[in-house]
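K.L.:
Pulled these from TrEMBL:
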BINDING   B:Cys35, B:Cys62, B:Cys106  Fe cation binding site
BINDING   B:Cys137, B:Cys139, B:Cys172, B:Cys175  [2Fe-2S] cluster binding site
DOMAIN    B:4-124  domain 'NIF system FeS cluster assembly NifU N-terminal'
DOMAIN    B:135-184  domain 'BFD-like [2Fe-2S]-binding'
DOMAIN    B:229-291  domain 'NIF system FeS cluster assembly NifU C-terminal'
Amino acid sequence: MSDIYLDNNATTMVSPEVLEEMLPFFSEQFGNPSSLHSFGNKVGFALKKARQQVQALLGAEHDSEIIFTSCGTESDSTAILSALKAQPERKEIITTVVEHPAVLTLCEYLETEGYTVHKLEVDSKGRLDLDQYASLLSDRVAVVSVMWANNESGTIFPVEKMADMANEAGVMFHTDAVQAVGKLPINLQQSNIHMLSLSGHKLHAPKGIGVLYLKRGTRFRPLLRGGHQERGRRAGTENAAAVVGLGKACELAMQHMEFENTTVKAMRDRLEEGILAAVPYSFPTGDTDNRLPNTASIAFEYIEGEAILLLMNKVGIAASSGSACTSGSLEPSHVMRAMGIPYTAAHGTVRFSFSRYNTMEEVERVIAEVPEIVAKLRKLSPYWDGNGPAEDPEQAFAPVYA
Amino acid sequence: MWDYSEKVKEHFYNPKNAGAAENANATGEVGSLSCGDALRLTLKVDPDSEVILDAGFQTFGCGSAIASSSALTEIIKGMTLDQALEVSNQDIADFLDGLPPEKMHCSVMGREALQAAVADYRGEVWSDDHEEGALVCKCFAIDEVMIEDTIRANNLTSVEEVTNYTKAGGGCSACHEGIENILSRVMAESGEEFVAGGVGSAVAASSPAAASAPAEAAPKTDIKRISTIMRVLEAVRPRLQADGGDCELMDIDGNTIYVNLTGACMGCQMASMTLGGIQQQLIEELGEFVRLVQVEKKADQLVGIGG
């Protein structure tokens, strides 16, 4: 039996069709798209086509609004730093406590440079308070950066509405949409979103390619200056093969949008329902009524996520966890903590994230394996006693912390 | 994913002594704030001989926390309490054929649980003597609290000093930004300002600019030069040999000196440190810039793997 990959929010497999499309650009189509001769020219046309494929998936009005970058993180940095450079008189940033490190770490760094960063809090289901948001919008704010969907819980934020509010207040709005693009229908020409980041490897394109969408007319300052590539907005010779691959991946994502929101969603729902029914003291995290169709985040109380992942890996199931130990950081997931999930459960959260390449048969195999793994680890846990948690678990086991 | 040894995996997949020891008469419960992991260790101690007859653990934690707990119980069974107290966290890590630097605190937690259990048996109150912070230097597993304390205690003002006192930053140097931030913060407490110097501390040692520093030394003849090189190398060999390693002179080509660093030091983080350290000594002794290059011993060829 082959291994089961349920970690598609981390990265996805490159689609065979995408790979096939890319291969010629490593060999015969090696020209520099900037060159005048036919070697370069053909590659130039291929990039043009890819740009239009991305444009179509995003519903962007113009293909010139698509800027190819090296990854989602570069797109995020470019967007936020551009907003600050273009409006030097504005020294505030609004973001959320549950952003990806690509945004949060940059914002924390900018705080040391004298900027004020407002981080919107979330409630127990991971939802934002739009009143709090409205109260922070002012002409001191250079940019709002809010993720479209959370990578850990899958919770979707009302970014279109938030962009309207920002636009109304005359504030630039950026969204990190790396988890949303390809999973949710997006129509940017109908929105007030000024900038959007996406990452190729989250939607079956290769790693090392990203996009910054920049709405026409939005003031912009490049991160990389040099050549005239991307109309001077992102210098550096194009990663032609990856750009072509991303274009194809966007076309395929468009074709599979309904599949993603029906069949993939049904697999996710079955997995969650099956596991919650079979494993006591487990619960889903995030806003289960309003989340990505492919993501389930389940907290298994009284055990730790890395241990769960290692045992799952042993039986050929790949997922990921918000536990401190899997990341090398010291805190359990900032997303779980922000939602107020207790330590003993936050450590045991496991994220299962699907793609269109998963099958219902795989789902049933996972449902069959997980309860035993959880039971095995609970047997080792000091918070667990026989068939249930120790009576008053926090009292029964109160270690000296050092 | 972590690079766990086979031994860690073995103790994680099939932990020994899981669950509470029967008729236990000593319990130690500790947690590691740095990752939220926690461990309860129960011992059955023979009252007459103080020999640990049985040990059991219950652990809320990651793979290496569970493996460290299992290893600990295996190590201490049959020991007297006094013998058991001699077990260090490094012993636990060694028993498991090593732990990743980020996971060394799991072995520390094991040792602390043991101390707590012994204190419990003897009716003493155990209090933890160290605080753990965020891991800063991954090469030598040095955490933030250790660096802060050392800076305060010794009034350190540069990354180089922090490296000399704690080893932090002495390997890959990727954590130098983090160390600078800690220096800024701690020095600000006493009203001082951290001033970073130019390119960075580590660069100077291997740059050609270093060659001009001890320039007053007279150029050495070949024989004198070779004997100086050999003397420096001979001086460091006993230290390396004590750790199961060695350092042999293989060839000298202009200012490049080829050595064969072998044994336990080979391939580990210390190898580059040792190479760097020896190179520095050679530069000082010779009064000229030389580059030390590690080669593997082959019959008639030298294969450089770095300098």
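Even glycines carry a Cβ here, placed using N, Cα and C.
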K.L.:
Find the average pLDDT over the domain 'NIF system FeS cluster assembly NifU C-terminal' (B:229-291) in the predicted model and report it.
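P.N.:
76, rounded to a whole number.
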K.L.:
Just to be sure I understand: of B:Cys137, B:Cys139, B:Cys172, B:Cys175, which binding-site residues have a C-alpha no more than 10 angstroms from the C-alpha of B:Cys62 (Fe cation binding site)?
P.N.:
none
K.L.:
Where does B:Cys62 (Fe cation binding site) sit by DSSP, helix, strand or coil?
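P.N.:
B:Cys62 (Fe cation binding site) sits in coil per DSSP, no helix or strand.
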K.L.:
Among the binding-site residues B:Cys62, B:Cys137, B:Cys139, state which ones have a Cβ less than 8 Å from a Cβ of chain A, giving them in sequence order; state 'none' otherwise.
P.N.:
B:Cys62
K.L.:
Would you please pick out, from the binding-site residues B:Cys137, B:Cys172, the one with the fewest other Cβ atoms within 10 Å of its Cβ?
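P.N.:
Comparing Cβ neighbours within 10 Å for the binding-site residues B:Cys137, B:Cys172, B:Cys172 has the fewest.
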K.L.:
By the count of other Cβ atoms within 10 Å, pick out the sparsest of the binding-site residues B:Cys106, B:Cys175.
P.N.:
B:Cys175
K.L.:
State which of the following binding-site residues has the fewest other Cβ atoms within 10 Å around its Cβ: B:Cys62, B:Cys139.
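P.N.:
Output over binding-site residues B:Cys62, B:Cys139: least Cβ neighbours within 10 Å is B:Cys139.
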K.L.:
How big is the gap, in Å, between the Cα of B:Cys175 ([2Fe-2S] cluster binding site) and that of B:Cys106 (Fe cation binding site), rounded to a whole number?
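P.N.:
One finds 22 Å between the Cα atoms of these residues.
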K.L.:
Could you state the CA-to-CA distance between B:Cys106 (Fe cation binding site) and B:Cys139 ([2Fe-2S] cluster binding site) to the nearest Å?
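P.N.:
Cα of B:Cys106 (Fe cation binding site) to Cα of B:Cys139 ([2Fe-2S] cluster binding site) measures 17 Å after rounding.
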K.L.:
DSSP on the domain 'NIF system FeS cluster assembly NifU C-terminal' (B:229-291): how many residues come out helix, how many strand, how many coil?
P.N.:
32 helix, 18 strand, 13 coil
K.L.:
Which state, by DSSP, holds B:Cys137 ([2Fe-2S] cluster binding site): helix, strand or coil?
P.N.:
strand
K.L.:
Would you list, in sequence order, the residues of this chain other than B:Cys137, B:Cys139, B:Cys172, B:Cys175 that have their CB within 8 A of the centroid of the site's CB atoms, where the site is the one recorded for [2Fe-2S] cluster?
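P.N.:
Other same-chain residues near the [2Fe-2S] cluster site: B:Val136, B:Lys138, B:Phe140, B:Ile142, B:Ala168, B:Gly169, B:Gly170, B:Gly171, B:Ser173, B:Ala174.
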